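Asker: The structure that follows is given in the form of structure tokens.
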Amino acid sequence: MEGFWNSKSIIRITLSFIFLFICHFLDVLAAPTRNLCRPEQRDALLAFKNEFEIGKPSPDHCKIYGIESPRKTDSWGNNSDCCNWEGVTCNAKSGEVIELDLSCSSLHGRFHSNSSIRNLHFLTTLDLSFNDFKGQITSSIENLSHLTYLDLSSNHFSGQILNSIGNLSRLTYLNLFDNQFSGQAPSSICNLSHLTFLDLSYNRFFGQFPSSIGGLSHLTTLSLFSNKFSGQIPSSIGNLSNLTTLDLSNNNFSGQIPSFIGNLSQLTFLGLFSNNFVGEIPSSFGNLNQLTRLYVDDNKLSGNFPNVLLNLTGLSLLSLSNNKFTGTLPPNITSLSNLMDFDASDNAFTGTFPSFLFTIPSLTYIRLNGNQLKGTLEFGNISSPSNLYELDIGNNNFIGPIPSSISKLVKLFRLDISHLNTQGPVDFSIFSHLKSLLDLNISHLNTTTRIDLNYFLSYFKRLLLLDLSGNHVSATNKSSVSDPPSQLIQSLYLSGCGITEFPEFVRTQHELGFLDISNNKIKGQVPDWLWRLPILYYVNLSNNTLIGFQRPSKPEPSLLYLLGSNNNFIGKIPSFICGLRSLNTLDLSDNNFNGSIPRCMGHLKSTLSVLNLRQNHLSGGLPKQIFEILRSLDVGHNQLVGKLPRSLSFFSTLEVLNVESNRINDTFPFWLSSLPKLQVLVLRSNAFHGPIHEATFPELRIIDISHNRFNGTLPTEYFVKWSAMSSLGKNEDQSNEKYMGSGLYYQDSMVLMNKGVAMELVRILTIYTAVDFSGNRFEGEIPKSIGLLKELLVLSLSNNAFSGHMPSSMGNLTALESLDVSKNKLTGEIPQELGDLSFLAYMNFSHNQLAGLVPGGQQFLTQNCSAFEDNLGLFGSSLEEVCRDIHTPASHQQFETPETEEEDEDLISWIAAAIGFGPGIAFGLMFGYILVSYKPEWFMNPFDRNNRRQKRHKTTH
């Protein structure tokens, strides 16, 4: 009975609890909903949202990175729980906002130091990536001391990162990728001892990276890609034993690749490309057993193929391109059984084609173009079908036929066998099996076979890029194929193909963006339909015999580059060009255009970056208000008059200004010194006049103001502020060839006097420096400040009236290759310091009043004797050496000392007197005999007249 009662009691109690729970639950449901979000947190979030503009969503941009919900702040409102807002995470107990993810939310605006985000004190995660924030990282963020995760990537933050970022001592993740931060990376970053991820890539940091980076022992990812860090890699990086990703690519790091990188045995990714590394790859790299991707391309590495890399059997990608590697590729590279992508292009590898590469089953990309491989192109046994997607072996020294086994590479989407010396006919049907090709380069095959373009294109259904340059292409508007090609080409290269008419099939290529038909024999007019291709952005018509343009009804606005130089275009510049509203580069140089520069080109003022109209017959003045973002303006060799428009001083992007060989009549444009990027200034052969006042040209590398009427003296400190010519070598690696221009599609060119001859610079190296003041009326002394231009290569001051001594500071011009001070009034000695200038290959001191010992440097011994002529006081062994084959008396007199010269002059005077004395006596005796004997009337009458005057005078007195 007792047990029963106990069981009954338990049941009753249990039912009572259930009843009470249900009642409580119903009360809860009936009660108003409690907000987890704290009011001050909600207010801070709303205030932060209102600090910025919210733009249109950009889902495509964000989807690339897996972000599917842009404009997260659209869900934010005053009457809802902020903890339920998209992108907001709260602490479940306290209601404090601890995570804020506003990535890809279309937020625009500048961060302020008093931003409301500072009130979210307990934030541990802040993700503001993929927006349009501007300004500096302010204390509003740097004081969020609880942060462990901070992502500001892909914005427009700028300025320096303050040392106070070191206050975020709990950070484990810091991503500043793709902003505009500048200055030196603060050493305080290295105080963030818990960091596992640090990405500073795609910014503008410079200088040496802090050596204290080695203290971040937990770091697994370090990316400094695409900045301007310089110097050697900090040795402390060798202490980061947990690193799996190290990317130092696209900086200015120099020296040898340090061996301590081989200590980072956990690395799976190593990027060192696009720096200034020299020497060989360290043997310690053999320790990187976990490495799967290695980039060392675009450096100055040398030596044979680094066999130490053959130990890295896990490599899937190996990029060695654009270095100075030599020797042959080793057959045991096949030990890299996981290799998928192998790039050894643009080196100096020799030997025959390494067909053993085809035995690596995983290999899908082979790039060996731009080496010195030679012999017959043989592929050996190719598995069928091959897995190869890309084969680039062009621009080598291969000879012979195209291997028939190429037809087995059926998965190829890119093939480059350009510059293969086939030495005979080619059966182009061999390519008909490569149905997957998207990109085909068979330019310059040295074949006698003519290509029927329409027939050739019928082989392909997917082809997007075709390069047939340098081959013989048949009449493109006549074909044995009845139907036009069905595929839509995007890029077509037909340069130097002997074409005489516009390829008609282009008319139907509505996907065509790039067209190069330069260096042909195309005559007549450019068809109007060309400008109606909807996405055409590049057209190169240069070096043909075209005479004009058919006027299009309405050109498409897509064109960016129009290159039409060296044709026979006549008449005025066609006005339809003004309708190409996206035009960036216009080159119509070396034609026969006349008239003035069209004022309607003002429609292009916000897009036109390059305008080249040199070598035409243009007249009138330069338009005043048509260009805003010009980078390069070349109107040389025309008939332009008037003055330089002062509006040029507002073109802050201008780098090149060339107005040579016109009729411009103006004073020196000192006001151009306000242009922060001006690098080339050419005023040669105009009617400029007057003094040239002191001006600051911080970026100027080439100045040619020769053959004008400038006069006056040059101020002593004239060259003091020409910093690019004095410090260029400190900021740039001179062996790294970079050219002025717009990259792949256009590069600036000019003609400059160098070493006494006109030299055409088809491309202008950014490290090339020259000063040409010749052919003016300058006087006074050459400024001593000329010696500050330590990177100067060419200096010409000839044909002026400079006087006084040549400054000894010229000996500081250690890079000088050409010096011309001829035809002035210089006195004194040639500075002995010039004898130490080892690069000085050409010099001209002629037609001055120089005297004294000629310097004895080796470069002086290689000069022509004419370089010293008409300087009667020069002497020395160097002069005797270079003039020893000259035997004229004037030449010998030139070498003698002043004392010897004086003695010789006296002797010559006596000899001349003696020579004249003998004939004089003989002539006098003969003349006297005639007078006495014959008394000629013409001689005696004057004496009679005198006698009569005397008699008359006496009679009157």
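The first residue you see is number 1, and the count goes up from there.
Cβ atoms here come from the backbone N, Cα and C positions, even for glycine.
Pulled these from Swiss-Prot:
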- Asn78: N-linked glycosylation site (CARBOHYD)
- Asn114: N-linked glycosylation site (CARBOHYD)
- Asn143: N-linked glycosylation site (CARBOHYD)
- Asn167: N-linked glycosylation site (CARBOHYD)
- Asn242: N-linked glycosylation site (CARBOHYD)
- Asn252: N-linked glycosylation site (CARBOHYD)
- Asn441: N-linked glycosylation site (CARBOHYD)
- Asn477: N-linked glycosylation site (CARBOHYD)
- Asn540: N-linked glycosylation site (CARBOHYD)
- Asn594: N-linked glycosylation site (CARBOHYD)
- Asn812: N-linked glycosylation site (CARBOHYD)
- Asn844: N-linked glycosylation site (CARBOHYD)
- 217-240: repeat 'LRR 5' (REPEAT)
- 268-287: repeat 'LRR 7' (REPEAT)
- 338-360: repeat 'LRR 10' (REPEAT)
- 361-384: repeat 'LRR 11' (REPEAT)
- 412-433: repeat 'LRR 13' (REPEAT)
- 605-629: repeat 'LRR 21' (REPEAT)
- 631-651: repeat 'LRR 22' (REPEAT)
- 675-697: repeat 'LRR 24' (REPEAT)
- 698-721: repeat 'LRR 25' (REPEAT)
- 765-789: repeat 'LRR 26' (REPEAT)
- 790-813: repeat 'LRR 27' (REPEAT)
- 839-862: repeat 'LRR 29' (REPEAT)
- 1-30: signal peptide (SIGNAL)
- 31-910: topological domain 'Extracellular' (TOPO_DOM)
- 932-957: topological domain 'Cytoplasmic' (TOPO_DOM)
- 911-931: transmembrane segment (TRANSMEM)
Asker: If H, G and I count as helix, E and B as strand, and all else as coil, what does DSSP give for Asn242 (N-linked glycosylation site)?
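Answerer: Note: Asn242 (N-linked glycosylation site) is coil by DSSP, not helix or strand.
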Asker: Just name the winner among Asn78, Asn143, Asn844 (the glycosylation sites) by count of other CB atoms within 10 A of its CB.
Answerer: Asn844
Asker: Can you grab the distance from Asn114 (N-linked glycosylation site) over to Asn252 (N-linked glycosylation site)? Cα atoms, rounded to a whole Å.
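Answerer: Given the Cα positions, Asn114 (N-linked glycosylation site) is 37 Å from Asn252 (N-linked glycosylation site).
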Asker: Using a 10 Å cut-off, grab the number of neighbouring Cβ atoms around the Cβ of Asn242 (N-linked glycosylation site), all chains included.
Answerer: 14
Asker: Identify which of the glycosylation sites Asn114, Asn252, Asn594 has its Cβ surrounded by the largest number of other Cβ atoms within 10 Å, counting every protein chain shown.
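Answerer: Highest number of other Cβ atoms within 10 Å: Asn252.
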Asker: In the repeat 'LRR 26' (765-789), how many residues does DSSP put in helix, strand and coil?
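Answerer: Counts, helix then strand then coil: 5 helix, 8 strand, 12 coil.
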Asker: Name the one residue among Asn78, Asn143, Asn252, Asn441, Asn812 whose Cα is closest in three-dimensional space to that of Asn594 (N-linked glycosylation site); these are the glycosylation sites.
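Answerer: Going through Asn78, Asn143, Asn252, Asn441, Asn812 one by one, the closest to Asn594 (N-linked glycosylation site) is Asn441.
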Asker: Helix, strand, coil residue numbers for the repeat 'LRR 24' (675-697) per DSSP?
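Answerer: Helix/strand/coil tally for the repeat 'LRR 24' (675-697): 0 helix, 5 strand, 18 coil.
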Asker: Are there residues of the same chain, six or more positions away from Asn441 (N-linked glycosylation site), whose CB falls under 8 angstroms from its CB, and which are they?
Answerer: Gly394, Leu415, Asp416, Ile417, Ser418, Leu465, Asp467, Tyr493
Asker: Counting only residues 6 or more past its boundaries, what in the same chain has a CB within less than 8 Å of a CB in the repeat 'LRR 21' (605-629)?
Answerer: 565, 573, 581-597, 599, 635-647, 650-651, 653, 658-659, 742, 746, 748
Asker: What is the one among the glycosylation sites Asn167, Asn540, Asn812 whose Cβ has the most other Cβ atoms less than or equal to 10 Å away?
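Answerer: Per the Cβ count, the most surrounded site is Asn540.
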Asker: Provide the three-state secondary structure of Asn844 (N-linked glycosylation site) computed with DSSP.
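Answerer: In three-state terms, Asn844 (N-linked glycosylation site) counts as strand.
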Asker: Cβ under 8 Å to the repeat 'LRR 22' (631-651), counting only same-chain residues 6 or more beyond its ends: which ones?
Answerer: 589, 597, 609-625, 657-666, 669, 671-672, 674-675, 677, 682, 684, 740-742, 748, 750
Asker: Pop the Cα-Cα gap between Asn844 (N-linked glycosylation site) and Asn812 (N-linked glycosylation site) into the table, whole Å please.
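Answerer: If we compare the Cα positions of Asn812 (N-linked glycosylation site) and Asn844 (N-linked glycosylation site), the gap is 18 Å.
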Asker: In terms of Cβ proximity under 8 Å, which residues at least six beyond the ends of the repeat 'LRR 7' (268-287) contact it?
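Answerer: Sequence-remote neighbours of the repeat 'LRR 7' (268-287) are 225, 244-262, 293-303, 306, 308-309, 311-312, 319, 733, 736.
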Asker: Taking each of Asn78, Asn167, Asn242, Asn844 in turn, which of these glycosylation sites have a Cα lying within 10 angstroms of the Cα of Asn143 (N-linked glycosylation site)?
Answerer: Asn167
Asker: Using DSSP and collapsing to three states, where does Asn114 (N-linked glycosylation site) fall: helix, strand or coil?
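Answerer: DSSP assigns Asn114 (N-linked glycosylation site) to coil.
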Asker: Which residues, given as numbers and ranges, are at least 6 beyond the ends of the repeat 'LRR 29' (839-862) yet have a Cβ under 8 Å from it?
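Answerer: Sequence-remote neighbours of the repeat 'LRR 29' (839-862) are 754-756, 798, 806, 814-833, 868-879, 881-882, 898.
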